[in-house]
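Visitor: Mind having a look at this structure? Questions to follow.
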Amino acid sequence: MSRLLCPSSSTSVVRRARPTFVLGNLSIKQAQGTGASSALARRRRSTFAATADGLHVIPLEQKYPFPWLRDACRCPDCVHPSTRQKLFCTSDIPVDIQPATNGVEEVGEGVKIRWSNGHESLYDWDFLKEHSSSVSRSEANKDLPRVGWTRASIAKERDLYLEYEELKTKEGLRKAIDHTCRFGLLFIRNVPNVETSTASCSLRTLAHYFGDIRTTFYGELWDVKNVSNSRNIAYTNLGLGLHMDLLYFQHPPQFQFLHCLRNRVQGGSSIFSDALHAAETLRIQDAASYSVLTDVQVPFFYVNDGHHLYHTHPTIEVSASGDVNQINYSPPFQAPLLLDTPPAFFTALHQFSNLVNSDENTYEYTLEEGDAVLFDNRRVLHARRAFEEIPGQGVRVGEANRWLKGCYIEGDTMWDRGRMLR
């Protein structure tokens, strides 16, 4: 595919003497001397200021470097009108690109820049505001802020439990996705549980409301029930501590569904803990320990049943800006630590473990037949209490008395669906 370059891409910058501070077609000094236009100059001076290092937008308290602005031009020569795809490379832009002399002008919609080679770009106020900070970018993308929770606070959320029928409407589905994005935990009641086959079960329909199912070596959908000679502790009746799934993958699944088909046992309640809340609490209580958990790589592995998977992750994964992106905590699948693991790591992990396992931070619920739970596998830890089968509970021959069916959901597809619904 040929690459169409914007006019400035192949034209060198013509350096000319120009005022240090330009507003429209007048420098400040020139504008102040015009008398009748002094009020206009004052108004413009409070909105935009062009200096040698970029465009300053006064109300937003933000500076936009000229190379960034040239790269962000959205005119038809720079961005294809129908595909909305960029028609040039960032590397095509001269690193020292500047506007032409007196080439910055405030217009009704925002600010127009005439570059040194004659190309013109228009940046409206909404665009500049959208890109002024990470918060404003998230708002423009219709992303929702994550809200940390404790046992007491999550119990008060009115959308923690929703009805399956609600998801068949756009408003109901939006409400479900919004709640999951904010809190990472959602229960759905009265999901049909008569059909149990993987091909036509209701979990498949339920999952597709939210996004695309992610296939792993467990398949598209999988069953969680007590089986003999299990190769995974989840397929026993033993208690299972707080953990996340598939951390031995480079990119573990973002969301997980569990649908309760049968529950005629004693015990077996599900436990959830917001590891994001625990991480933020640790950051406040002990910044040094928090830092250790963001730095030290922890290995996870699965070597069983014809598979050999291994990957390392920090316990707390942060973004370039320092925000917590996701958590990686799964003691059952943790491999031997690296030999250079510092002693401080053990203290830090002990503190983190105490936080996620504390009674005040764990939410417990026994799934009833027809209940489904959706949770963020990169944020919310899940566990299960041990259970005992009760004879004579009326299940069909060969069926387990406790039977969950599960699947994973790709995060991007659910976030995409949520943005469109908003």
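Positions of Cβ are set from backbone N, Cα and C atoms, glycine also.
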Visitor: His243, Asp245 bind Fe cation according to Swiss-Prot; which of His80, His119, His382 goes with them?
Guide: His382
Visitor: For a quick check of packing: other C-beta atoms within 10 Å of the C-beta of His243 (Fe cation binding site), how many?
Guide: 19
Visitor: Around the Fe cation site formed by His243, Asp245, His382, list the extra residues of the same chain whose Cβ is within 8 Å of the site's Cβ centroid.
Guide: Leu240, Leu242, Met244, Gln256, Ser330, Asn377, Leu381, Ala383
Visitor: Using C-alpha atoms, which one of the binding-site residues His243, Asp245, His382 comes nearest to Cys78 (Zn(2+) binding site)?
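Guide: That would be Asp245, the closest of His243, Asp245, His382 to Cys78 (Zn(2+) binding site).
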Visitor: Using the structure shown, find which entry in Cys73, Cys75, Cys78 (the binding-site residues) has the sparsest Cβ neighbourhood within 10 Å.
Guide: Cys75
